Amino acid sequence: MDQQQQQSAIQGAKVLMVGAGGIGCELLKTLALSGFHDIHIIDMDTIEVSNLNRQFLFRRSHVGQSKAKVARDAVLRFRPHINIRSYHANVKNPEFDVDFFKQFDVVLNGLDNLDARRHVNRLCLAADVPLVESGTTGFLGQVTVHVKGKTECYECQTKPTPKTYPVCTITSTPTKFVHCIVWAKELLFAKLFGDKNQDNDLNVRANKAASSSEQTEDIFERAEDEDIEQYGRKIYDHVFGYNIEAALSNEETWKNRRRPRPIYSKDVLPESLTQKNGSTQNCSATSDDDSATVSAMPLLGLKNPQELWGLTQNSLVFIEALKLFFAKRKKEIGHLTFDKDDQLAVEFVTAAANIRAESFGIPLHSLFEAKGIAGNIVHAVATTNAIVAGLIVIEAIKVLKKDADKYRMTYCLEHPSRKMLLMPVEPFEPNPSCYVCSKTPLVLEINTQKSKLRDLVDKIVKAKLGMNLPLIMHGASLLYEVGDDLDDIMVANYNANLEKSLSELPSPVINGSILTVEDLQQELSCKINVKHSVILVSRNLSVDRSLNFIYSSNQKCAESFRIGPLLSIHVRRFRHPLVIMFCHREEFDEEKEPEGMVLSGWTQSPATNGESASTSNNESAVDVTESSSGPEIASKKRKLSETQPENHKRETENVESEDDDDLVEIENPMTVSKKKRVA
């Protein structure tokens, strides 16, 4: 394809961008300057103050507005002749179905979470649309291209639980306690006790001040003569009350989410804390104590760090810790950073995180647990975003040219390797064990007598398989379905099924049952083989079939099992036959199997030359679609360069990032195992 034909393909292409944040801003600009004329952008987020240091299309006046719409308007100012359409919406909304995706020539992802990436992956599989995926963490980044039947899909390799926390989630829509910890540590603690001139997303005006055109005083600034307790209550009411009410005003955000509850100090705390515990005098008595040992807990009679505090106790700790900072550590205020070895800092962050968690309906945690959760933050680097955006466009052009031999996964490195900072690697073949693109059945080990259908739906189908509108069938029996077209009787029946154990359903799910699970929006279907058995092997075992129990000389081994199918086999070195019994499993390890069930069958690709296959940990792996005719792969598979360092080990950077839409768990390209790649 000559230059003129290439430019014609670019100008005629219809491109979908998902994400308009750090990478998205750079990508939209680069697409426009590269000659793309028809660009569509989906992003549900609004602009935060913390975005402004790297998302260059946004300004302070844009805070609170739609990222997609503002990015569109900014680019049209210097490329007014092109078509850019923005959607301020969630890519998982029903309107963005397979037919919607089919209209595009390529999809470019800049998402910030595993669930949305998996959703787009499945839509691209169903629509047969190539997708280019990307992600950055600090100086690290990568871009991968996926084409149906030729490269692995995003879900061909298992993904670990993400440990990256988008700022938009932390500030606006937390769903996990760790989000509350990061908010309390990186935003609230930093704002109160760190650099006072550093703006962040806590500077939301109270409702009564928002209507005024006059510049209001910084709510976090304490006047010299202001009572410490009253100042603490003011901060409490602002961050847990007014800010939550301000967030609730955006109805679109809470359309499909649980609405948080504003919390005010007057509803939780007594009118005066001084009379309650006398801590005002105590906290100002001395100023020479070791700052690391100052603690609010003894003043409140709290001794056990593993004790779970309620809302009132957390509120008291919040106020007392703040008072102690101003009374005993006033000289440090303005220069403090969070330190997990700073007892008072840990107490404050734990209390603040728990109060926020209470507001958002998230389970509370003890001080001991909160201290363990607190971790390091890797700051976003604008230059990495720009490099990655350029690489995305390069791969997108290859896709439009159908130049499959030149597709590359490109890693952006922090330090040169073989004198290179950009490391291109040939893409991998589809994983034949992938349940998404290869339809390999899954195996679910579950206690069918104790576990309810709701557990299966919430913990497996939605949480692990990422299905949004699931349909579950057992043979010809429909056990569960969701949708707007269901009548009241069907909804009532399905809701009743949710509360039944699997073995009590109209079509009982027992050992050996095969469930078909579908998501009509994603056009994905997979089968789950149900297993509620473990294998017990014994030579000293007798069976009472009438009582349906097992008796053994090893009673500890057998007492928690019920009888299942029996098999007898002869082994030469034993005089008597072994009895292999498939027995019902009553209990699960609460630490290793907290859901009370184990899903397996999503295996890694076969190893080559005795080496174990590597699992791609890229949180921004891209979508590919399943080919009905199968991939056309050359017989000779190329691998990493023969100059690869010896004794290499797989290393994964699994870190938190401050960026809100370009997050990735980076797999070191120099340590990728020798999986099969596209020739």
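The chain as shown is numbered from 1 upward.
Glycine residues also receive a Cβ, built from the backbone N, Cα and C atoms like all the rest.
Taken from TrEMBL, the feature ATP binding site covers 19-24, D43, 51-54, K67, 112-117. The feature Zn(2+) binding site is assigned by TrEMBL to C153, C156, C434, C437. Positions annotated as active site, glycyl thioester intermediate by TrEMBL: C168. Sequence annotations record features per position, and here TrEMBL assigns domain 'Ubiquitin-activating enzyme SCCH' to 320-371. If you look up TrEMBL, you'll see 444-533 marked as domain 'Ubiquitin/SUMO-activating enzyme ubiquitin-like'. Look at TrEMBL and you will find 594-679 tagged as region 'Disordered'. The compositional bias 'Polar residues' annotation in TrEMBL covers 601-630.
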Top Cα neighbour of G19 (ATP binding site) in the set of recorded positions C153, C156, C168, C434, C437: C168
Cβ-Cβ neighbours of C434 (Zn(2+) binding site) (radius 10 Å): 22
Which of D43, D112, D115, all binding-site residues, has a Cβ with the fewest other Cβ atoms inside 10 Å: D115
Sparsest-packed of the listed recorded positions (C153, C156, C168, C437) - C-beta count within 10 angstroms: C168
Distance from C168 (active site, glycyl thioester intermediate) back to C437 (Zn(2+) binding site), taken between C-alpha atoms, in Å: 31
Spatially closest candidate among C153, C156, C168, C434, the listed recorded positions, to D43 (ATP binding site) (Cα to Cα): C168
Same chain, 6+ residues apart, C-beta under 8 Å of the C-beta of N53 (ATP binding site), given in sequence order: A382
Overall pLDDT of the domain 'Ubiquitin-activating enzyme SCCH' (320-371), taken as the mean: 91
Inter-residue Cα distance where the pair is D112 (ATP binding site) and C434 (Zn(2+) binding site), in Å: 23
Cβ-Cβ neighbours of G22 (ATP binding site) (radius 10 Å): 31
Shortest C-alpha distance to C156 (Zn(2+) binding site) - which of the recorded positions G22, D115, C168: D115
D112 (ATP binding site) and C168 (active site, glycyl thioester intermediate), distance between Cα atoms, whole Å: 10
Alpha-carbon distance [C153 (Zn(2+) binding site); D112 (ATP binding site)] in Å: 18
Inter-residue C-alpha distance, D115 (ATP binding site) and C153 (Zn(2+) binding site) (nearest angstrom): 14
